[in-house]
Amino acid sequence: MKNRLLFLGPPGAGKGTQAARICDSNGMKHLSTGDLLRSEVAAGSELGKEAEAVMNRGELVSDQLVLAIVESQMKALSGEGWLLDGFPRTVPQAEALEPLLNELKQPIEAVVLLELDDAVLITRMLSRGRADDNEDVIRNRLEVYRDKTAPLISYYQNKGLLISVPAQGSVEEITERICKVLD
């Protein structure tokens with residue numbers, strides 16, 4: 001199974017849930033930028049306060065901040081497999097990440113795109129109960145995804161790394177689909 005992965009997809013598509021399942025069953029490190037940022041917010045650090053204000057507006061945290069977090073996490077890994085969830089979100093971030101991964105001799109092996117309709121995404125996100133999940137913020141996040149993140153689809157498709165997976169159905173069904181395409 002490929003073990004250096006990137007998950008893409010709109011907010012609410014199940015990236016975090018599926019990433020955790022894939023990592024647990026395959027002994028991979030789950031690098032979730034969303035979780036890293038939320039832990040900074042919970043810690044109340046200056047960085048966390050800055051990130052919280054941006055996230056509460058449904059906007060993206062700066063490239064420099066997220067790349068620094070990812071770099072420190074990647075350097076701490078000793079050759080184990082990893083799954084990057086929530087970064088990169090823009091083509092410039094992907095272009096900044098690539099030389100870092102090449103320097104670490106850990107290039108991405110596959111990019112899994114979880115695809116799901118907006119109506120299902122909105123329903124899922126409203127049911128999560130996160131402070132930053134209200135309908136206006138969710139619609140803004142979907143718009144930001146379309147503007148900033150969706151161009152990554154063609155970026156990774158052109159590199160021959162993109163694998164699309166339908167993200168409807170039960171958690172188990174989606175995990176099974178992902179495992180099948182990664183073998």
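Glycine is treated like the rest: Cβ placed from N, Cα and C.
Take the ATP site that Swiss-Prot assigns to Gly12, Ala13, Gly14, Lys15, Gly16, Thr17, Arg128: the candidate from Gly81, Gly160, Gly169 listed for it is Gly169. Residue counts for the region 'LID' (127-133) under DSSP (helix as H, G, I; strand as E, B; rest coil) come to 2 helix, 0 strand, 5 coil. Between the CA atoms of Lys15 (ATP binding site) and Phe87 (AMP binding site) there is a gap of 11 Å, rounded to the nearest whole number. Overall, the recorded AMP-binding residues Thr33, Arg38, Glu59, Leu60, Val61, Gly86, Phe87, Pro88, Arg89, Gln93, Arg130, Arg141 cover a maximum inter-Cα distance of 26 Å. Per DSSP, the secondary structure of the region 'NMP' (32-61) breaks down as 22 helix, 1 strand, 7 coil.
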